[in-house]
Amino acid sequence: MDVPDNQILGMEKKHKLCFRSIQDMIPARAVLYLMSFSGFLVSFMMRTDINIAMVAMAKMRLRSENSSNLTELYCYTSVTNGTQSFEDQKPMEEGEFDWDSTVQSAILGSFYWCYILSQVVGGVLTQRFGTKTVFGFSQLTTAIASLLIPQAASLHFSAVIALRSLQGMASGLTWPAMYALVGIWIPSNERTRFMSSFQGFSFGIGLTYMVCGFIIGNYGWRVVFYMNGSLGVAWCLLWWLLAFDLPHKHPRITRRELNYINANIGENIINTKDLKVPWCSIMTSIPAWSIGITTFGRIWVHYTFIIYGPSYMKTILGFSIQKNGFMNGAPFLCSYLSSVVFCYAADFIIARNLMSLTNVRKMFTAISQVIPGLLVLTIGYLGCQITLILVIWFVAVTLITASYAGAMANVVDIAPNFAGHILAFAQTIHMSASFLSPLAAAIMLQDNPTLERWRRIFAVTACVACGTYVMYQFGGTAKEQVWNNPNRKNNSGSVRVSPENNQLIVNNKTDPERGDG
C-alpha cells in the first residue's frame, strides 16, 4: 500500500522535531563542559604518559661508592623493621635505555620549557583566531608528536626532548584559550562549577597512570604513546564538530539558553576583539602577580607528585609498574570529584554571602597548597608504613584541586574580559615550577635515591608551597580591576555583546565591586 507523499513528509518532519527536542534537552553549555573536561583529560594523558613510561624506559643507575647508604630497596624486602612490603621481594624492573638522572630530568622537564613561553602567545592567538581553532590545533599537534615518540626514543634521547618541547609549545596554548571561552559562555553564577571541567586534567593523569601501568606491564611502553596519540586525534574531530567560539554562532543552541547566557554573563563582558589588551596594566597588577606567585607553589607541590611520584614509589616503596600506576593514579581520579565538591562549596558560600568572594578565594587557595605542602613533608618520615603513606598521599593530591575554587577562579573575577591574557601572564610565572621542581629533585637525587635525599625534596616542596601563599594572602583580591573595561568612563556605563547583531550595547550602571590593581 502506497503512503501519500504528504504523510511521508509529515513523518519526516515529526522525526526531525523529535531529534531537535532531544538536542534542546542538552544545553550547549553542558556540551561545552563535556568537551572541556574531555579535552583536558586527553591533553594530560598525552602530557603525563612519559612520567610512568620513564620507569620502564630508563635503566636504574646507582652509585656503587655510596652503596652503603642506598635505600632504593628500602621497602623491597618482605619485612623491613617489622613492616610488611607489598612487593614481597620482587626484583627491580630493568629499563631499556641507559639514561642517567640528568637526561631523564631533561626529558621530563623539556615539555615545560616551551610550555611557559607559549602562554602569552596563547592569549594573543586566541584573541585573533578564537578558542576553537587554537585549542583544536594545539591538541592535534600534541597528538601527532605523541605518536612519534617511540621512534624518537630509539633514535636518540635528544629527539624525544625535541618532540616533548613541541608538545609543550602546543599545550601551552590550551589554558588561555579555554579561560577566554569561560567569560563569554558561562554565566557568573555558574563559573566556579564550570571550572571543575578543567579537572579533566586530574582525571587524565589518574587514568594515564592506572591504564598505562597495566599496558606497560603487559604490552610494553610504546603502546602507551600510540594509544594516547590516537585518542588525541579522535578528540580533535569531535571538538571541531561540537565547539563554537560565541553562543550566538552555535547552530544548535536554543533561543532560551542564548537569552539566559546574554542576560547573565555580566554587564562588563564585551567583545575583546574590539579591545586593546592592557598588557602594562596586567603586568603591573598586584592581584595578577599574587595569583601567579601563589600558584607557583601549588604547581611545585603538584608536579612533585605528578613527575616524581612514580620514581618514589619505585625506588623507596618498591612498587611494581602495575601497582605504581594504580597507586599514583587513584588519587588523581578522585581529584575530579573533590574539585566538584570544592567548587560547589564555594558557590554555596558565595550565594549565601557567608564570606566575601575575596576570602572564599583565599580560603580555598590555602587549602590547595598550604595543607598539601605540610602533608608531603611528613611522607618522608613515615618509613615503610605503606598504608599511612598512601592515605596522606591521597589526601594531599585531592586537596590540591581546591585551587579551582580559589586562585584559579580568581583569574576570571578580576578581569573577565581578559581572563585568557591574565592566565597567560600568571602561567608564565607559575608553570616555571613545572620544570624547576623536577630539576631541583634531579639535583638533590643525583642517581642516589636515598630516603634522606627524598626528605630534602619534600622539605623544599613544603617551604615553596607555604612561602608563596603569603603573597596571595596579602595581595589577592576578587574585585574587578578598572582596566577590565576601558570603554567605561567615570566609573559608570558597561558594555556587552548583542547576540542578534554582534554590536556593543552600553548599559549605564555603576559597578560598586570594581577595584584597582
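Placement of Cβ uses the backbone N, Cα and C atoms for every residue, glycine included.
Residues or ranges marked as compositional bias 'Polar residues' by TrEMBL: 483-509. Annotation comment: TrEMBL describes 35-479 as domain 'Major facilitator superfamily (MFS) profile'. The region 'Disordered' annotation in TrEMBL covers 483-517. The transmembrane segment feature in TrEMBL is assigned to 30-47, 106-125, 137-163, 169-186, 198-217, 223-246, 329-350, 371-402, 422-445, 457-475.
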Contact check, the transmembrane segment (371-402) vs the transmembrane segment (457-475), 3+ Cβ pairs under 8 Å, seq sep 6+: yes
Non-local residues, at least 6 beyond the ends, that sit with Cβ under 8 Å of the transmembrane segment (137-163): 39, 42-43, 46-47, 49-50, 57, 97, 99, 103, 106-107, 110, 122, 170-171, 173-174, 177, 221-222, 225-226, 228-233, 235-236, 239
The transmembrane segment (30-47) in contact with the transmembrane segment (169-186), cutoff 8 A, at least 3 CB pairs, sep 6+: yes
Remote residues contacting the transmembrane segment (223-246) - C-beta distance under 8 A, at least 6 residues beyond either end: 28, 31-32, 35, 38-39, 42-43, 45-46, 49, 52-53, 130-132, 135-136, 139-140, 142-147, 149-150, 181, 184, 208, 212, 215-216, 497, 502
Folded-back contacts onto the transmembrane segment (106-125), same chain, C-beta under 8 angstroms, at least six residues removed: 47, 50-51, 54, 99, 134, 138, 157, 160-161, 164-177, 180, 277, 307, 420-421, 423-425, 427-428, 431-432, 434-435, 438-439
Positions on the same chain near the transmembrane segment (169-186), where near means CB under 8 A and six or more residues out: 29, 32, 36, 39-40, 43, 46-47, 111, 114-119, 121-123, 125-127, 131, 134-135, 137-139, 141-142, 145, 194-195, 198, 245-247, 261, 265-266, 269, 272, 411-412, 416-417, 419-424, 427, 431
For the transmembrane segment (422-445), sequence-distant contacts whose Cβ falls under 8 Å of one of its Cβ atoms, 6 or more beyond its ends: 101-102, 104-105, 108-113, 115-117, 119-123, 172, 175-176, 179, 282-283, 288-289, 291-300, 303-304, 307-308, 411, 414-415, 453-454, 456-457, 460-461, 464
